[in-house]
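What follows is a single structure, written as structure tokens, with notes after it.
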Amino acid sequence: MSSQDMLKNASTLASYNVLLQVMFRVLTFLLNAFTLRFVSKELIGVVNVRLTLLYSTLVFLSREAFRRACLSGGTDHNWRQVINLLWLTLPLGVLWASLLVCVWLWLLEVPDPLTIPHYGPAVGLFALAALQELLAEPLWVLAQAHMFVRLKVVAESLAMVAKCVLTVVLVVSAPQWGLYIFSAAQLVYTGFLVLCYIVYFLRFLGSEEANRKFFPLRGVADLLPSRVEGEAVIDWTLARLTWSFFKQSFLKQILTEGERYVMTFLNVLSFGEQGVYDIVNNLGSMVARFIFLPIEESFYVFFAKVLERGRDVRQQKQEEVAIAAEVLECLLKLVLVIGLIITVFGYAYSHLALDIYGGSLLSSGAGPSLLRCYSAYVLLLAINGITECFVFAAMSKEEVDRYNLVMLALSISFLLLSYMLTCWAGGIGFILANCLNMGLRILHSLFYIHRYFLSSQWTPLHGLRPSPLLLLALALSAVLTALSEGVFCCDGGWLLRLLHIAVGAGCLLGVLVTVLFTETKLVQFVRTQLLPRYGKKHT
């Protein structure tokens with residue numbers, strides 16, 4: 001497969017992933033707004049922080065390293081050995097589940113059973129849901145490596161819809177079940193996910209389409225662990241790379257979910273405060289997660305296939321390096337522009353957004369300040385996602401091992417900063433600690449990218465230089481929307497709120513028009529690579 005074809009597939013995958021994440025976040029957004037009316041903020045804190053942290057930790061530590069290693073190098077693997085390696089995620093998951101369930105039940109503070117009953121069974125059910133999802137891991141990697149872009153969208157869409165429907169029905173009809181509601185919904189979600197992948201591959205393997213695509217596996221038996229005489233059971237090169245990524249993933253998980261670990265293990269916030277913080281956090285990260293994360297995941301696959309891991313840029317195919325550099329520059333410009341827009345408009349519209357979403361429960365107190373700080377953090381989150389995406393795809397195994405030491409230092413500093421800043425500034429301290437650590441990670445990635453392309457003619461870091469006219473438009477928008485908030489928002493009724501929204505819409509339109517006329521290379525990239533209706537036509 002040529003680099004152009006891989007770029008086309010990665011762009012299509014990114015487009016579908018963005019649409020999928022939009023649907024996920026919108027459904028979650030609406031579901032949280034709905035459940036706020038029926039359950040307590042303490043219950044939301046336990047589910048969205050404590051139990052979700054158990055689930056995400058178990059799944060991440062069990063599979064993330066395998067995913068990164070097995071997706072390196074594209075489809076040029078002995079897939080029997082890769083499948084055998086991927087099935088190790090399940091016993092590893094059982095080990096992690098045994099350890100984490102003991103920690104969650106016996107080492108952490110247990111919620112009051114009178115206000116939040118059924119905590120113990122819920123811990124076990126969330127761990128079971130994570131193990132259930134690991135059953136689909138070999139199929140997920142196969143689908144990603146061979147660019148089955150629609151499978152992930154369909155599977156996760158059906159699973160999310162089923163989860164939301166069950167949650168709404170049970171919250172309305174049996175709110176006294178408490179944590180059982182969310183445990184059952186999580187089991188249904190992972191069950192639908194696994195079922196969709198199994199059904200797809202049962203129909204696909206051995207079909208004419210599989211033969212036409214020269215798919216490496218022929219039957220269902222090839223999806224199960226097996227051994228062939230004369231060859232190793234697993235690919236030991238990938239196994240060693242997996243171990244390197246595993247050490248890194250452990251640290252990355254602490255950085256990614258650091259505030260939840262601090263809340264869970266150090267009890268710096270009550271369960272009610274955790275619930276409010278988590279709702280604000282989810283609201284603030286919606287755009288980051290449904291736009292930036294899918295782009296990062298999809299283009300990591302592209303960079304990993306186009307670049308030769310650990311080799312000097314001069315020793316690689318120059319055509320493919322040129323494409324990678326151009327794509328990196330455009331991606332950096334894209335996330336920079338989106339991040340700046342979110343930062344500027346997030347400041348003036350945080351209070352209004354929280355008031356509409358959750359009423360005085362969220363808009364009073366520290367809620368608006370939390371969301372304003374998070375709007376600025378989104379900019380750093382966006383840049384770090386793309387720079388680390390490239391760096392992880394280009395690093396050699398030895399460089400990955402060295403970077404693990406950097407991640408270790410960042411993890412320790414993040415935990416210390418989170419604790420100290422939270423004691424000083426409450427929930428805002430979490431965001432400030434995240435900003436500092438994200439800034440350090442960005443600096444490390446920028447230095448690596450600069451050195452990587454230093455001996456070549458390409459300068460992809462120019463993507464972090466927005467046009468002066470765009471900066472001027474953003475500065476004017478920041479001033480106008482801040483003045484509008486002071487005059488029109490948010491206690492004067494809906495008419496004044498609508499005027500405030502109209503001012504923001506006008507400023508946003510002006511910024512977008514400026515982007516169209518000043519960032520022509522970026523606009524062309526978005527039209528030809530990221531939008532699905534242009535992807536098939538022009539790529």
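Positions of Cβ are set from backbone N, Cα and C atoms, glycine also.
According to TrEMBL, the feature transmembrane segment maps to 12-31 (among others).
Taken from TrEMBL, the feature transmembrane segment applies to 43-61 (among others). Sequence-distant contacts of the transmembrane segment (43-61), counting only residues of its own chain at least 6 positions beyond either end whose CB sits under 8 Å from a CB of the stretch, comprise 32, 35-36, 92-93, 96-97, 100-101, 104, 108, 111, 116, 119, 122-123, 126-127, 129-131, 133-134, 178-179, 182-183, 186, 246, 249-250, 253, 256-257, 260-261, 263-264, 270-276, 278-279, 282.
Outside the transmembrane segment (82-107), and at least 6 residues removed from its termini, the chain residues within Cβ reach (under 8 Å) are 50, 54, 57-59, 61-63, 66, 70, 120, 123-124, 127, 130-131, 134-135, 137-138, 141, 217, 222-227, 233-235, 238-239, 242. Residues or ranges marked as transmembrane segment in TrEMBL: 82-107 (among others).
Per TrEMBL, transmembrane segment is recorded for 119-141 (among others). Beyond the transmembrane segment (119-141), the same-chain residues lying 6 or more positions past its ends with a Cβ under 8 Å from any Cβ of the stretch are 46, 51-52, 54-55, 58-59, 62-63, 66-67, 70-71, 82-83, 86-87, 89-90, 93-94, 97, 100-101, 104-105, 110-111, 113, 152, 179-180, 182-184, 186-187, 189-191, 193-194, 197-198, 200-201, 223.
Summarising the annotation, TrEMBL assigns transmembrane segment to 153-174 (among others).
The transmembrane segment annotation in TrEMBL covers 180-202 (among others).
For the transmembrane segment (334-354), same-chain residues at least 6 beyond its ends with a Cβ under 8 Å from one of its own Cβ atoms are 280, 283-284, 287, 291-292, 295, 362-363, 367-369, 371-372, 374-376, 378-383, 385-386, 463-464, 466, 470, 474, 477-478, 481-482, 484-485, 489-490, 497, 500-501, 504, 507-508, 511, 515, 519, 522, 525-526, 530. Taken from TrEMBL, the feature transmembrane segment covers 334-354 (among others).
The transmembrane segment annotation in TrEMBL covers 374-393 (among others).
What TrEMBL lists as transmembrane segment is 405-422 (among others).
Per TrEMBL, the feature transmembrane segment maps to 428-449 (among others).
Residues 337, 340-341, 344-345, 347-349, 351-352, 496-497, 499-500, 503-504, 507-508, 510-511, 514-515, 517-519 of the same chain lie 6+ residues outside the transmembrane segment (469-488) yet bring a C-beta within less than 8 angstroms of a C-beta in it. The transmembrane segment feature in TrEMBL is assigned to 469-488 (among others).
Below 8 angstroms of C-beta separation, residues 337, 341, 344-345, 348-349, 352, 467, 469-470, 473-474, 476-477, 480-481, 484-485, 487-488, 523 of the same chain, each at least six residues beyond the ends of the transmembrane segment (494-517), sit close to that stretch. Taken from TrEMBL, the feature transmembrane segment applies to 494-517 (among others).
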(Q) Below 8 angstroms Cβ to Cβ, which residues of this chain, lying six or more residues outside the transmembrane segment (428-449), approach it? (A) 255, 258-259, 262, 277, 328, 366, 369-370, 373-374, 376-377, 380-381, 383-384, 387-388, 390-391, 394-395, 403, 406, 410, 413-414, 417-418, 420-422, 460-461
(Q) Cβ under 8 Å, sequence separation of at least 6 from the ends of the transmembrane segment (374-393): give me the contacting residues as numbers and ranges. (A) 68, 72, 280-281, 284-285, 287-288, 292-293, 295-296, 299-300, 303-304, 307, 309, 324, 328, 331-332, 335-336, 338-340, 342-343, 345-347, 350, 400, 403, 431, 434-435, 438-439, 441-442, 445-446, 448-449, 464
